[in-house]
Amino acid sequence: MAHRMSMNDFAVLSTGRKMPLVGLGTWKSEPGQVKQAVIWALQSGYRHIDCAPIYGNEPEIGEAFQEMMGPEKGIRREDVFVTSKLWNTKHHPDDVEPCSPKNLSYIVVVLNLNEFNSAVECKREQRNSSVASIKPTVLQVESHPYLAQVELLAHCRDRSLVMTAYSPLGSPDRAWKHPEEPVLLEEPAIAALAKKYNKTPAQIIIRWQTQRGVVTIPKSITESRIKENIQVFDFTLEPEEMNQVTAVHRGWRYIVPTITVDGKSVPRDAAHPHYPFNDPY
Ligand code: NAP
């Protein structure tokens, strides 16, 4: 049976628009797999899909939308929140339209600025005018218990920005995963809470984010996990349990673009004057 959404399942943007707190991530979801994943997600109650042309799979995601949405298909297009993103070389207004999935009346365009992403909500008809003049409403950054982003979240709240957490499960299917890196889904403090609530570690992590008002976009192409990841609205972590999850923070960033210099792997953008990853913001 499809999960029923309640009002608590949304973050409210400064525009008044509601953004579902759990969305489906689609980076690394290959063509041939992603259409079915999006269909399972929509059938399971997801109303938020996180996309990008750079992921190379938006045409198939569009096929899933066409199959699932529209008159007599049960899901209205305007009920589904779709995020897409412009790569760093695609910020000119002329590049925006070709980058956006077709047949979408609303879209959120994320401008990737030196990996420090700010998002603007815009309507299709406004898109070709001046996206830069639209006040940002969402900040999409890496966040999970090992990178809790406490200061950044406070900073966002002060500015009426909603934070979206990418790689919320630690992105275990990344090509550059290091064998010695900490494994978020095996964190003992989270496993203990999973046992207490008869939930999985992924559900505890997603619940922690949603309970502090952070949007999460876990990626999966597995039907059971897609369903599992949105079943986080039937339990509540105690305040001290919220603090326990936040306390496992270790400033660990899984998504750091690297290049090889003199045989060594180093952060790609570290010499940039606005490199953001050394600051808490
Ligand atoms: P993630 O969501 O943290 O992790 C995805 C991995 O976790 C996949 O291997 C998935 O496996 C597995 N998984 C999913 N649910 C699970 C569960 N319940 N239990 C155990 N394992 C589970 O990683 P991510 O893809 O890096 O991040 C999520 C999304 O954020 C991306 O897909 C993308 O949409 C967005 N993102 C944005 C940026 C940006 O620069 N703005 C950067 C990174 C990511 P299966 O698929 O095999 O089920």
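We number each residue from 1, going along the chain as drawn.
Placement of Cβ uses the backbone N, Cα and C atoms for every residue, glycine included.
Summarising the annotation, TrEMBL assigns active site, proton donor to Tyr55. Other Cβ atoms within 10 Å of the Cβ of Tyr55 (active site, proton donor), summed over all protein chains shown, number 20.
The annotation domain 'NADP-dependent oxidoreductase' is assigned in TrEMBL to 23-98 (among others).
Taken from TrEMBL, the feature domain 'NADP-dependent oxidoreductase' applies to 132-248 (among others).
Taken from TrEMBL, the feature site 'Lowers pKa of active site Tyr' applies to Lys85.
Secondary structure at Tyr55 (active site, proton donor), taken from DSSP and collapsed to helix, strand or coil, is helix.
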